[in-house]
Amino acid sequence: MSSFSPREIVSELDRYIIGQKDAKRAVAIALRNRWRRQQLSDELRDEVMPKNILMIGPTGVGKTEISRRLAKLAGAPFVKVEATKFTEVGYVGRDVEQIVRDLVEVGISLVREKRRAEVKAKAHQNAEERVLDALVGTTASPATRDSFRKKLRANELDDKEIEVDVAETGNPGGAFEIPGMPGANIGVLNLSEMFGKALGGRTRKIKTTVKDSYALLVNDESDKLLDNEQIQREAVASAENDGIVFLDEIDKIATREGGIGAGVSREGVQRDLLPLVEGTTVATKYGPVKTDHILFIASGAFHVAKPSDLLPELQGRLPIRVELRALTKEDFRRILTETEASLIRQYKALLETEGVTLDFTEDAIDALAEVAVQLNSNVENIGARRLQTVMERVLDDVSFNAPDRGGQGVTIDADYVRVHVGDLAANTDLSRYIL
């Protein structure tokens, strides 16, 4: 779990997301509170519950991006799910408990990577011995092995082809679920693991070069040095105490008054989410997982439905409300120029691979922002995603002819932008279909 201060978290998010100060502060405080809780005494720690967050705002303003960046910062198990993918128990589809199972799987991957890094030196040493075994055999004299070891470390044998045994990864029987019994693949997986251990584990022979064999063998040797049961225990504890679940599109399962359609299933999903958000125990193949201290961040555009259309019980379990505002022309301008991997920087880098130097004037950036705002207000407000559409239209000709213009420079100014999208943006009816 990272120990960044709220100010540091907001500063890091500022590198990728423009504006939305309230949302950044809310997630920064929530993340810091996870760390604060870990510092408490055992009896008080169990009493401190996370304050779940509901982010409300139009599409394309940064709700999902904030969650993605937060996940990288947190260094904790994190899953992002769309609420619309789940159905009420009894309906065909995934049930909400799968969220927790996915969270534990993410936790296992994180803990395994961390433990692998700790034993990497020893694993590399063991991998080197296995490469030498493949090159000179296990019965070779120490002098021969030392001679080949020197060549190996001097990269003289990198291209030599060898045959090595590596552990079989994945379940050969394949995982499956019995309809109506989520998690029913648990028994199947455990049986295959038990038989695998009883038979000493499955291996397969592969032919590869000495250079390429190292990555496979180091992973293989790392896994031999790790205690799987310990990893599973740590992953479950990490998911329970540090886990973050981002529930996107929650407005799509809100039931509107007087609405018709799949209302029962929508309301059913909300009712299934209640115990998960409040705190329950979910059975996974790694053991029971308590959801009491998992942080839930829900988000939705709420164009049609309102937050008050959610079940009152679910509203009560999302106590922190944050509203994200629509983007202005100045925001679009900053998105194009100030973010860490801005669109302008991306397009410049892409065209540089063809030897084309791309340059944008200040008035071109203003024109791009203006067109994006105009289209969002006249057609449909899709937020910052509109910039991608506009940029693609503007640079269509340059991108297509780039291979023939190697070594040339292209300057995009306001007139160039207006020629390529200005007329189209002005014609609202045409814009609806093209932009």
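Heads up, the Cβ atoms here are built off N, Cα and C, so glycines get one too.
According to Swiss-Prot, the protein has these features:
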type	residues	note
BINDING	I18, G60, V61, G62, K63, T64, E65, D248, E313, R385	ATP binding site
Note: among binding-site residues I18, V61, least Cβ-dense neighbourhood at 10 Å is I18
Around the Cβ of E313 (ATP binding site), other Cβ atoms within 10 Å, all chains included, total 13
Within 10 A of the CB of E65 (ATP binding site), the number of other CB atoms across every chain shown is 16
Between the two most distant Cα atoms of the ATP-binding residues I18, G60, V61, G62, K63, T64, E65, D248, E313, R385, the distance in Å is 34
K63 (ATP binding site), Cβ-centred 10 Å count of other Cβ atoms over all protein chains shown, is 26
According to DSSP, K63 (ATP binding site) sits in helix
